[in-house]
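*Asks:* One structure, as structure tokens, below. Some questions next.
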Amino acid sequence: MAYPFQLGLQDATSPIMEELLHFHDHTLMIVFLISSLVLYIISSMLTTKLTHTSTMDAQEVETVWTILPAIILVLIALPSLRILYMMDETNNPSLTVKTMGHQWYWSYEYTDYEDLNFDSYMIPTQELKPGELRLLEVDNRVVLPMEMTIRMLISSEDVLHSWAVPSLGLKTDAIPGRLNQTTLMAMRPGLYYGQCSEICGSNHSFMPIVLEMVPLSYFETWSALMV
């Protein structure tokens, strides 16, 4: 959940998002150390007269500033590649949901059930109830079981869209004629909000996504009522 004037990322709900947060902190630490070193060198050069203005060759220094950046890039690339492969991994999903983007709403189909599908439209501001979020509430939430691997198949009926839920670390393009795949797993129950993250027309800002993660027993009851 995002908060007003929030400077950091949303709290992680999935293992992938937790890894992304760790990688974010790891990368920022490296950037902070490099920036501090560069600022220190610049300030030292500006405040002291002990500088070599006639140096023509310094093999040792050139070797250091060639090898050191290479090591830093490796330290950034290794955890990044690890997370990339984790995001592409699919291990026997317990449930598959097909998501279709439209101008300007989402439709969902639970492919493991014979007739469980619905459209999800944004609730207009004038119809919101007290406590509901403007531009983020929908008439039909996507109810999913927590602590289970869920596969999302994402495509579009018309133009480019993008299905994104920040707290789960998800952002997958919805492309007409192409079926993209992503997996998700929420570690705790709750409501998780997202939006279309690809400019898709005049009502692009009015395509919210709401995932309701619930215990398996509640999901089974809900799915039985929906079917």
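Glycine is no exception: its Cβ is also placed from the backbone N, Cα and C atoms.
Okay, these came from Swiss-Prot:
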- 1-14: topological domain 'Mitochondrial intermembrane' (TOPO_DOM)
- 15-45: transmembrane segment (TRANSMEM)
- 46-59: topological domain 'Mitochondrial matrix' (TOPO_DOM)
- 60-87: transmembrane segment (TRANSMEM)
- 88-227: topological domain 'Mitochondrial intermembrane' (TOPO_DOM)
- HIS161, CYS196, CYS200, MET207: Cu cation A1 binding site (BINDING)
- CYS196, GLU198, CYS200, HIS204: Cu cation A2 binding site (BINDING)
- GLU198: Mg(2+) binding site (BINDING)
- TYR218: phosphotyrosine (MOD_RES)
*Asks:* Can you check which residue among the binding-site residues HIS161, HIS204 has the largest number of Cβ atoms within 10 Å of its own?
*Replies:* HIS161
*Asks:* Output, ordered by sequence, the same-chain residues six or more apart from CYS196 (Cu cation A1 binding site) with a CB under 8 Å from its CB, or 'none'.
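*Replies:* In sequence order, GLY101, TRP104, HIS161, SER162, TRP163, ALA164, HIS204, MET207, ILE209 meet the Cβ cut-off.
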*Asks:* Per DSSP, what is the residue tally for the topological domain 'Mitochondrial intermembrane' (1-14) in helix, strand and coil?
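*Replies:* Helix/strand/coil tally for the topological domain 'Mitochondrial intermembrane' (1-14): 0 helix, 0 strand, 14 coil.
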*Asks:* For the Cu cation A2 site given as CYS196, GLU198, CYS200, HIS204, which other residues of the same chain have their Cβ within 8 Å of the site's Cβ centre?
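*Replies:* The answer, listed by sequence position, is GLY101, TRP104, VAL159, LEU160, HIS161, SER162, SER197, ILE199, GLY201, MET207.
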*Asks:* Compute the average pLDDT of the predicted model within the topological domain 'Mitochondrial matrix' (46-59).
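*Replies:* PLDDT averaged over the stretch: 73.
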*Asks:* Residues near the Cu cation A1 site, HIS161, CYS196, CYS200, MET207 excluded, by Cβ within 8 Å of the Cβ center?
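*Replies:* Neighbours within 8 Å of the Cβ centroid, excluding HIS161, CYS196, CYS200, MET207: GLY101, GLN103, TRP104, TRP106, SER162, ALA174, GLN195, SER197, GLU198, GLY201, HIS204.
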*Asks:* Excluding near sequence neighbours, so keeping only residues 6 or more apart in the same chain, what lies with its CB under 8 A of GLU198 (Cu cation A2 binding site)?
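*Replies:* Listed in sequence order, they are LEU160, HIS161, SER162, ASP173, ALA174, HIS204.
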*Asks:* If you count other C-beta atoms within 10 angstroms, which of the binding-site residues CYS200, MET207 is the most crowded?
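*Replies:* Compared across CYS200, MET207, the most Cβ atoms within 10 Å surround MET207.
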*Asks:* Rounded to a whole number, how many Å is the Cα of the residue listed as 'phosphotyrosine' away from the Cα of CYS200 (Cu cation A1 binding site)?
*Replies:* 35
*Asks:* So, by DSSP, how many helix, strand and coil residues make up the topological domain 'Mitochondrial intermembrane' (88-227)?
*Replies:* 21 helix, 61 strand, 58 coil
*Asks:* Please indicate, using numbers and ranges, the residues of the same chain that are 6 or more beyond the topological domain 'Mitochondrial intermembrane' (1-14) and have a C-beta under 8 Å from a C-beta there.
*Replies:* 20-21, 24, 166-170, 184-188, 190-193, 213
